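Copied from Swiss-Prot, the annotated features are:
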TRANSMEM  45-65  transmembrane segment
TRANSMEM  89-109  transmembrane segment
TRANSMEM  116-136  transmembrane segment
TRANSMEM  179-199  transmembrane segment
TRANSMEM  210-230  transmembrane segment
TRANSMEM  242-262  transmembrane segment
TRANSMEM  274-294  transmembrane segment
TRANSMEM  302-320  transmembrane segment
TRANSMEM  333-353  transmembrane segment
TRANSMEM  405-425  transmembrane segment
TRANSMEM  449-469  transmembrane segment
TRANSMEM  583-603  transmembrane segment
Amino acid sequence: METTLLFNTSLLLTLMILLTPILLPLLSTKLQNTPLIITTTVKMAFFTSIIPTTIFIYSGTEAIISHWYWSFTPNLKIPLSFKMDQYSMLFLPVALFVTWSILQFAMWYMASEPHVTKFFIYLLMFLIAMLTLTIANNMFMLFIGWEGVGIMSFLLISWWHGRAEANTAALQAVIYNRIGDVGLILSMAWLASTLNTWEIQQISYESQTPILPLLGLILAATGKSAQFGLHPWLPAAMEGPTPVSALLHSSTMVVAGIFLLVRIHPLLANNQTALTTCLCLGALSTLFAATCALTQNDIKKIIAFSTSSQLGLMMVTIGLNLPQLAFLHISTHAFFKAMLFLCSGSIIHSLAGEQDIRKMGGLQKLLPTTTSCLTIGNLALMGTPFLAGFYSKDLIIESLNNSYLNAWALLLTLLATSFTATYSLRMTLMVQSGFSRIPPITPINENTPLVINPITRLALGSIMAGLLITSNILPTKTPPMTMPTIMKTAAIVVTILGILLALELSNMTHNLTAPKQNIYSNFSTTLGYFNPLAHRLSSMKLLNNGQKIASHLIDLSWYKKMGPEGLADLQLMAAKTSTPLHTGLIKTYLGTFALSILILLTLTH
């Protein structure tokens, strides 16, 4: 009883602490927020959240559900239902820890910005929307969190709204996510009309769900988690401030799609078509994003494509019927991805906004803490043994090796893993080693604790998070006890091959001034020609067809046939028909009069 009371109290306290900076200014005009207050609030919420998470793990509880009804239709009751299970309780401290570090970094990065308090409030609301999504126990609450992260991402990506690129990127993010939202809304409509409920527990009992609502949910995850086909918004979102990129890519919006599939996984578990769709889509996404990252020169774009590649790996795990592993990768990925973005932000800020890695070099001596943490982050991303990424990434590739599913997906995933090592090492070498290629008057300084503390804190998380999480969670399925050495070491072998490939390419191209253009480098540089084809060609075709339809239907049909000209022609025809009758001869008029009388008499008698 005491344990339950402590759990409920500490969890409620965590949520109330988070809401305080938003609610207090509404109560009194004298209570004004500052970035420091908001950062301290998230820090306090993180330390408070450790208590319920620890109690939950060690009490052996499966789930705690609380709900109350909000009925605005007589047939469909929609409860405000919250579920504290393994996923939501572990995600809570991870998200708070990462957000605390990002907010502390933003106090330095955005110090000279006007309206900086509003920026921090937006980041906090972004986090709250994501936490609403994770603890939601029905599709209605999940949809509120889903749309919340969508609108907050739009506001944050377009924060520098004076720049046309930022506005375009924000619109792109919204439009691509609208496509995914169509799938979610249609699936929710099917669930409400067929099962008469949006409760996830009740939905999970449906053993044979048709493929169409499942494809709608997969489409929703494809849009939100930037899978192949709806991926261009993710690299474009780099136009926002770096703290936004760090929060968006680590623990909020982009993992919302994968989290949706983890939540509704009982529906997918028995449908092989849906699982195969997830597997193939994820394998294609992870390879395509890794291929695009190979030739990028913008440091933030490289990290953005690495996020897209890791999201593809999570989608592969959903396709393998292992949602717990996908969630484990979400948790470990949050630490090193946030750290990579904060390191890139520190470098960009120190170099007066320069993002091109070809104009960096030799930063190991100038920014030792930042570059050391950047190296740790890249090693964790590669899946280096005993760092955070290893505990999830290695397990995913082991499971893929041991599954009876499609070898094509396995080959694509292994190739993408190799490419991950290649572009990570390329970025590390070009940023940190070699001769310095930065202007000599650039003021470089990383002495402020607002930079060093969050980055080193996340570096510690990138080293220890995998071990801590896997030590406290038991796998839902028994892992294979024995397997061939080649299958066990496949992930590390392809990673080493990728590193060797990067070193060889670095040596080969060290003295080249202009690399030769070929079809493969052009494919990677132009992001697979996807943007010109999707944004230019298809838009031009749609606009031309729309113009033709409008001109033919409206101009020709309405104006010519049925509109003013049509009426004029009709009246002219009537006038021409009646004109010959008006001859001016008395005999004609008398004959017409007599004929009219005769017809009238015939009709009346």
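Even glycines carry a Cβ here, placed using N, Cα and C.
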Stretch with greatest number of CB pairs under 8 Å, the transmembrane segment (449-469) reference, 116-136, 179-199, 302-320, 333-353, 405-425 candidates: 333-353
Residues from the same chain, set at least six apart from the ends of the transmembrane segment (116-136), whose C-beta lies under 8 A from its own: 15, 18-19, 21-22, 32-35, 38-39, 41-42, 81-84, 87-88, 91-92, 95-96, 99, 102-103, 106, 110, 142, 144-146, 148-149, 152-153, 155-156, 159, 241, 243-244, 247-248, 251-253, 256, 259-260, 263
Distal contacts, the transmembrane segment (405-425) - CB-CB under 8 A, six or more residues away: 276, 279-280, 282-284, 286-287, 289-291, 293-294, 296, 302, 305-306, 309, 312-313, 316, 319-320, 378-379, 381-383, 393, 397, 490-491, 494-499, 501-503, 505-506
Stretch contact, the transmembrane segment (333-353) with the transmembrane segment (302-320), Cβ-Cβ under 8 Å, 3+ pairs: yes
